[in-house]
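K.L.:
Would you mind keeping the following structure in view while I ask a few things?
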There are 2 protein chains.
Amino acid sequence: MEDSLTAYPPSISHDQLSSLIFNIKDWQITHGMQLKYGPDVESVSSTPIGVTVFPTTFPRALFEQAQALQPVYNRLYAAISEDEKWLYKVLTGLIDDGRFAAVLWGIHQQVKEEGYVQDITLGIFRSDYMVHVTPNPDPLAHHPQMELRQIELNTFSVAGGAHSNKTAQMHQFMLNNGSYTFLHSPQLSNNKIPKNETIDSLAAGLRSAHTAYGQSRYVKSSTPGILFVVQPRNVNICDERPLEYVLWEHDIPAYRAIFGAQLLEHTTLSPSRELLYQPSSLSEGVEIAVVYMRAGYDSEEYSLGGIEARLRLERSRAIKCPSILSHLATFKKVQQELAVPGVLEKFLSSEEAAIVSRTFAPMFPLDKESRAGRIGRQLACDPATASSYVLKPSLEGGGHNIYRRDIPGLLSNTPEAQWHTYILMELVNPLIQKNILLTPRGIYDKVAAIEDRSDFDAENEAEEQSSLDRLSTKEGGPTVSELGIFGVCMWKKPGPGWDWIMLNVEAGWSFKTKPDYIDEISVVKGFGCFDSPLLIDT
Amino acid sequence: MEDSLTAYPPSISHDQLSSLIFNIKDWQITHGMQLKYGPDVESVSSTPIGVTVFPTTFPRALFEQAQALQPVYNRLYAAISEDEKWLYKVLTGLIDDGRFAAVLWGIHQQVKEEGYVQDITLGIFRSDYMVHVTPNPDPLAHHPQMELRQIELNTFSVAGGAHSNKTAQMHQFMLNNGSYTFLHSPQLSNNKIPKNETIDSLAAGLRSAHTAYGQSRYVKSSTPGILFVVQPRNVNICDERPLEYVLWEHDIPAYRAIFGAQLLEHTTLSPSRELLYQPSSLSEGVEIAVVYMRAGYDSEEYSLGGIEARLRLERSRAIKCPSILSHLATFKKVQQELAVPGVLEKFLSSEEAAIVSRTFAPMFPLDKESRAGRIGRQLACDPATASSYVLKPSLEGGGHNIYRRDIPGLLSNTPEAQWHTYILMELVNPLIQKNILLTPRGIYDKVAAIEDRSDFDAENEAEEQSSLDRLSTKEGGPTVSELGIFGVCMWKKPGPGWDWIMLNVEAGWSFKTKPDYIDEISVVKGFGCFDSPLLIDT
């Protein structure tokens, strides 16, 4: 593998890079790999989303390990979502705090008091990993030791499925048409990008839930629909719309409603709590079989209107993708609790627990009561030890993390009573590779860095980019990649004498690559790119 | 039909129009119906190409008539392309003039002297029609009389195939998903958009030519390729790239070269005149089986480098789509000559000539020798009669036309010796319908006009658009549509004892709609939109 790191991808000429970029951007524009901009329906423009020029090599064994793990992770998080008492115990500190977790828990409590009318839940999950490199204990060994480390498991509003699907098609197209032939690269000629049919797989999950819901109960004249709950002024429609189009191809009506006031305006509950959606194009409302959440993941979306909208969805008979308890299962605090020895065995067999926990990084709470919490505090407050850790607020999916030597300062400015809302996680020592990244912030290669500016505005930046010519070499810069495995799981409230898991499949992958000096990947913000893994046998 | 004109499409509310536009733009972005902007490979953006909100009704009988005519038109223009003497006779005035026709003729002469080494030609043609309305002689008849009038036949660098294909898909998607249901429109519920698989049909034509070329003769190690000859800084890649992608799916290598210097740099002729193209991605050149011209239609492209590039292509053994004589057959002078009674019969049976000529508008030359020319001069110089005519320079495909009362003035400022380079054509009295047009220049409806500004710059205009809210009504404005029928024809030099036509098929349609007060449709410039015909039985 070390050989391949230095050799792949090799330097190329200005003309060759130019031609590759030209072909990539045209493919993206023609295939809808875009970010959409524009204040209203009338003036709309778009730019290609960030992608890598080359696929990045990835160890086949680790890729297959991640795929094989997914059904186990699916069932684990389904089980957690149905264990209200355990979830409450784990999240109780956050709930008492009165912030985001408390809002969601409050909605759950309110619906629970009235009684849930739907006992089926659909989960579309994504488990994210990086390759962690450890020194090989055998000094004569040629290769460093590599293992899969889970970064997080997302249960809510999981993105990147459609873009990843198309990125795989794009890199495969480039491989097929000889775009990389001049490189004479054994990696590119001997290895394969794994199939990625995430769009169809995720849509199949939504279709299964639609089937499970059955016929319309209230609006008997029409087929029930699937409602995509989305954010306003959404730049990432190209990651959502393809799923809708597949559903329509299968004669399943799919609609979009903006979370909050617009959703409240266009939906009602029938007396028997069927969710009815009124599209502007129809005179009669449509009964909703499945609510697919692509919004509502940020605490700032929960104004009074946001809370009321979420409450209406949860009260309804529609199958939620996912339920509010599944949403709460994505909080970091849950991830950290699962890493406590013995906890996984509550949900999994000991064999399963063993293979799952092998992907966990060392994690610590920061409470002052537990022994683990006291160790965590010690590691976090000392700049020397903090430099190997990341501090994660126990919020939704990602972001807002604090890294390395910033941790002690952050903690000293935070009241100690709040420390328990964070978890401390050992940083991955990532496998460094090379690539050229095409981002809305410009091209990243060996000499050109992507600017880490907080005032960056992709919409207005395109024109200001300096030209390709500024790059003195056309050689990849150091990069780090993150593999996501999608999972689709559908289950009903567990009860005696039935198989509560109705559907449990691995459902495709996403693969993102960023400059090695940037901590968090956000393709939409212009940090990092969609990529494809080129599976190699190490 | 008159009923339907007033009733279709009905007015809709602001919210309904908003929702339709939102769904249309997202579909376009996701499916690559875009215009591409940006100075170089690095900063690229795109905006959705102009489309109509609704499909426009079109008489089924006239649509089917146009489809049935296409194979006859294909063979007619193939025959013209092989009749060098007749072409020379028709174009001699233009050739003597020393302008664009002379440049092309000169290239032909040069290759002819050396001897052509390829006797097969591929034609991708498009015959454009409008519906001409004449008063019904029966005063009790409810409907006006409608007939098909040919506007022009394009033999060279014919565009719009991919966009039209996708426009049909888009409107069909909107019909299927109930986007128009609220209109309760009998037109939308009872009528059909005809199938349009232009991308596959045109690619199939290119594939047939690729098969006809046979194996590589010079670069024996690889499959021969197809070369798309394109313009620099091409905004319309979404109309070309899809054909390339289909070819690659069939394992046919497809490359792009920019007409002029870049083409000269990347191509050579082998001693036996095989055309060799050097892609920047390969170390070895590729032998080109088919040259597909999507550039070279404008006289300004024929700098010395342009002339040399075209000469190299024509000298080569590659099958040209189309040949230089087929290119010359697209000049307006040819169209006008074909309208002279008796001329069609030179190429077609009398039955065929009769059905073809039925689509011709009255046309006149402007020479002073012929009787028809003298009539033409009289009609053109009198403002009263000129108001029913359009004056067309006998150049390439379209554009540069002079309309109605502008004609006498133009002629009085043009030396009489130049008049013969124009043809005079009776204007169609078009069927006026209604629609809402979404163009890069803004929305066109009953009250909002699209500005006819020569300094319009679509790339920078998007941000300046006023909002949808300025529209006081949401009702379609008066529109005029143009139907194009694509044809694919492959033939070899006619000789005794063989069937010279190798392939002759109708290959899909394009349908464009513009505000009724704008004379020329140019979707790329923001005048007019792609549309779909909704076939009705009148």
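Even glycines carry a Cβ here, placed using N, Cα and C.
Just so you know, TrEMBL annotations are computer predictions that nobody has curated.
According to TrEMBL, the protein carries these features:
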| type | residues | note |
| --- | --- | --- |
| BINDING | A:LYS332, A:392-401, A:TYR403, A:GLU482, A:LYS514, A:GLU520 | ATP binding site |
| BINDING | A:GLU396 | Mg(2+) binding site |
| COMPBIAS | A:457-466 | compositional bias 'Acidic residues' |
| DOMAIN | A:226-329 | domain 'Glutathione synthase substrate-binding' |
| REGION | A:455-476 | region 'Disordered' |
K.L.:
Which numbers of helix, strand and coil residues does DSSP report for the domain 'Glutathione synthase substrate-binding' (A:226-329)?
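P.N.:
Per DSSP, the residues of the domain 'Glutathione synthase substrate-binding' (A:226-329) fall into 38 helix, 27 strand, 39 coil.
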K.L.:
Between the binding-site residues A:GLU482, A:GLU520, where is the Cβ count within 10 Å the lowest?
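P.N.:
Lowest Cβ count within 10 Å among the binding-site residues (A:GLU482, A:GLU520) is A:GLU520.
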K.L.:
What three-state secondary structure does DSSP assign to A:ASN401 (ATP binding site)?
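P.N.:
Where A:ASN401 (ATP binding site) sits, the three-state DSSP reduction gives coil.
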K.L.:
Which number gives the other C-beta atoms within 10 angstroms of the C-beta of A:PRO393 (ATP binding site), all protein chains shown included?
P.N.:
20
K.L.:
Inside 10 Å of the Cβ of A:LYS332 (ATP binding site), count up the other Cβ atoms and send me the figure.
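P.N.:
Neighbour count, Cβ to Cβ under the 10 Å cut-off: 22.
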K.L.:
Who sits close to A:ASN401 (ATP binding site): which same-chain residues at least 6 apart have their Cβ under 8 Å from its Cβ?
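P.N.:
Result: A:VAL390, A:LEU391, A:LYS392, A:PRO393, A:ASP519, A:GLU520.
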K.L.:
State the three-class DSSP label for A:LYS332 (ATP binding site), counting H, G and I as helix, E and B as strand, and everything else as coil.
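P.N.:
Going by the DSSP assignment, A:LYS332 (ATP binding site) falls within a helical segment, counted as helix.
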